[in-house]
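What follows is a short report on a single structure.
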Amino acid sequence: MKRFDLSLYLVLDPDLCAGYGMVETARAAVEGGTTIVQLRDKTGGTERLVETGLTLKRALAGTGALLIVNDDIEAACRIGADGLHIGQDDGDPALARKQIGKKMILGVSVETLEATRRLDPGIVDYVGVGPVFATATKPDHKQPVGFDGLAALVAASPVPSVAIGGLKGSHVKAVLDAGADGLAVVSAICGTPDPREAARALAILIKEARR
Ligand code: TZP
Ligand code: MG
């Protein structure tokens, strides 16, 4: 089994990162305690994703934080990312696994118990579970699952899980109590005036909740 830390998983959004840019936001967030950074940009196409991803990879080198690319297998491979994340509508995880090889981390989003139970732990390394709450960051999101739904999905998952959707500091304890291995956030870090401090505050809450 691969070893990685899902504790504080930052999903970058180009609009919400407009102030500092995605690379600076990620760098600051990692200084604050973010353990994984996902490059998620649905607007620019593969070439821009590769360009940003290569810059991000250099920025994160030596920090211990992992770089995951959303959706785009070609970009993930060309960047030499640590992982790929796909949703339920982004194709078959088994096919993605074949294309990215054995070493890369593969994450899959799940919203239902059926999809969670179908996961093959020989193929998928972690799940993103949610949305826990409704969020303006992803207007087309599925029905929110709440903390009870989160707990049920996490319990059904054969792989580690990270919760996503409308999460902020006040939710840390309930998310970890539901059994998730970490929190994935966009606006709670990207949309703040000080991403380093926002990440630091979340990382402290996560550490405290685990005591
Ligand atoms: N997938 C499900 S909800 C979501 C994604 C990418 C967006 C979460 O954004 P925020 O700002 O943390 O609510
Ligand atoms: Mg997707």
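Yeah, the Cβs are placed from backbone N, Cα and C, and that goes for glycine too.
Since we're looking at a predicted model, the values are computed, not measured.
Per TrEMBL, these features apply:
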- 8-189: domain 'Thiamine phosphate synthase/TenI' (DOMAIN)
- Gln38, Leu39, Arg40, Asp41, Lys42, Asn70, Ser109, Lys138: 4-amino-2-methyl-5-(diphosphooxymethyl)pyrimidine binding site (BINDING)
- Asp71, Asp90: Mg(2+) binding site (BINDING)
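The predicted model assigns the domain 'Thiamine phosphate synthase/TenI' (8-189) a mean pLDDT of 97. In the structure shown, the C-beta of Arg40 has more C-beta neighbours within 10 angstroms than that of any other entry among the binding-site residues Arg40, Lys42.
The two recorded residues Lys138 (4-amino-2-methyl-5-(diphosphooxymethyl)pyrimidine binding site) and Asp71 (Mg(2+) binding site) have their Cα atoms spaced 15 Å from each other. Cβ contacts within 10 Å of Asp90 (Mg(2+) binding site), excluding its own Cβ and spanning all protein chains shown: 16.
Note: the CA-CA distance between Ser109 (4-amino-2-methyl-5-(diphosphooxymethyl)pyrimidine binding site) and Asp90 (Mg(2+) binding site) rounds to 10 Å. In the three-state DSSP scheme, Arg40 (4-amino-2-methyl-5-(diphosphooxymethyl)pyrimidine binding site) is classed as coil. Each of the binding-site residues Asp41, Lys138 was scored by other CB atoms within 10 A of its CB, and the lowest score goes to Lys138. When the alpha carbons of Asp90 (Mg(2+) binding site) and Asn70 (4-amino-2-methyl-5-(diphosphooxymethyl)pyrimidine binding site) are compared, the span between them is 10 angstrom.
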